[in-house]
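Presented below is the structure to which this report refers.
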């Protein structure tokens, strides 16, 4: 029982000693009578009877019991049944007292007919048993599909006392029934299924047995929606298409447009200057958008409010425009209250209502969420066109508050193959254009109204087209690894160039290589947020110190300190202090001479000229490749440095996350501390405290245990101690990563084969590191890495 108990506590849902553990964590064990190789199901009845005659009669057994001379094997019912078939069950563990206690839960009382049959002479044995079997068949049609916990009442003491109405038939009785109805079609099907099972592996047989006891009726296996939606396409094993060609055939159903606007009910009013005012439908819809941000800080920003008012007035009728001139006189509170009420109604939906909505969304997914490329089904990533609303932007975006207009079919370009069925637009509408361009991977395209950017419906990251792009990206980064030495030597020599543009390019390339900075593009700060990268740095974004500490806690100062402070992508602040080479430091001083704070640091460099230069150094090399290379090589080096092969899986995962964190810091993948962080940490601390007390109690119990219970107590203590360690590791991991976003680099910058190879080498389940999304996206990497004995190294 020690082994069984320990296994269940770990929640593993595995099979041990013929017991299947329920993974719902309620401590219930579902028993299963295993079908062994030595089963008597196929032995003829006559031969069974001959074997029975060779065994002691029931009257002899009763005498033995009274005298106390019967063996343990003869007394235990499960062993008696094994002996009747002439075979013994194979057991993983010895039949100790703990193992036998489970049998006591079975009904002890036999039917009167069974008692009588056992006490009769051996001459009448066969006739009596046949009669009982026939009557048993009438009494109980078939209870094979009833969970054992339901039959025997689990571990409930009340259920032990109750006399069960139905009795599970023995294997011998099942054999007799099979003999009697061997000509029926049902039995023929059973035999066929048995022969199929016998040819399958033992592991799959165990899994099938487990499944048969988890539901009351054998359910037909339904194909998973993911499998229906997407084929498993091993494209990496096929020949490559000509350069630039993305597909030969492409068909899809087009985009799913936002639902039409539903007007406010008549009792909900918009007020202007304290008076109710009926709005036109377009004006009312936009008013609803603003009501949705009343509780947000956006509604307090002047830029947001000005932009909103300007765009809102464009959609008003002339009469509305005359009246509504001041946003401060507008009262959206009733609309806001109505929206909140609707949210509460949605939260309070019944299960049936939620299920109906879920089924509708799944139906949409099955229709619009699939494209067929070269005969293979592939998932579509974002088939829903974004509904209209107010543009928010990140940071202090100058266009915040502007209206994102409703997209209609007349705005949308469809891309599909010539011989495919062109998607049908909604009734009364037509597409802007239908193209057949196999040099692009998008399915639909339109231009959004605020920034004027093209938006696309693309394939899912798990698709062939995306997978090929990822594969090429990481292979290019690996090629850079072989040439990085020569490239570094070149830009170091260029620090002393007589041309200022060459010096600026070499220093910028040094920062991109060492700090993994993004390139940065020129932009109009009146049209977009003031975010910068390496090439667009201004003098105001850096400070130079001849000497100083990198971190306040450092014991010693370093020379040639550069302090970076600017807003990077998505308006995330980049702040860093680094010690640079002396020649770089001197060049920076030179670049800053006679410049104002708002002037460009690299005034003779832009991203396009830098990328053109990089292509001369290596085919396919861009600034982005440096970022991918530095992220991947950092992960590889950190994993080699931090991983101890002797660690537990929990400790190895902590090492992996620490390696991943170094990459996230390098790439400036920051996040704000989650709002629930303090609360979740308090709950975790409480769990750790409680677990510590339990471990200490288990330790005392182990020390005081007698010889018979020492092994069980030791196992319990070791198991609880391991759980306590895991909780402490989890606390450390959460605290270290509270301001770092690990997922971005894992999904976009790290060669997945590094992680897969690490998991394979150190026997860490891939599911512990990669989510389902990761595993689907990097299916190609999993196959490439796992199908070879050679260890993958970036």
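Positions of Cβ are set from backbone N, Cα and C atoms, glycine also.
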Segment assigned the feature coiled coil in TrEMBL (from 681-737, 738-794): 681-737
DSSP-derived class (H/G/I helix, E/B strand, else coil) of residue 749 (active site, O-(3'-phospho-DNA)-tyrosine intermediate): coil
Per-residue pLDDT averaged over the domain 'DNA topoisomerase I eukaryotic-type' (390-763), given as an integer: 91
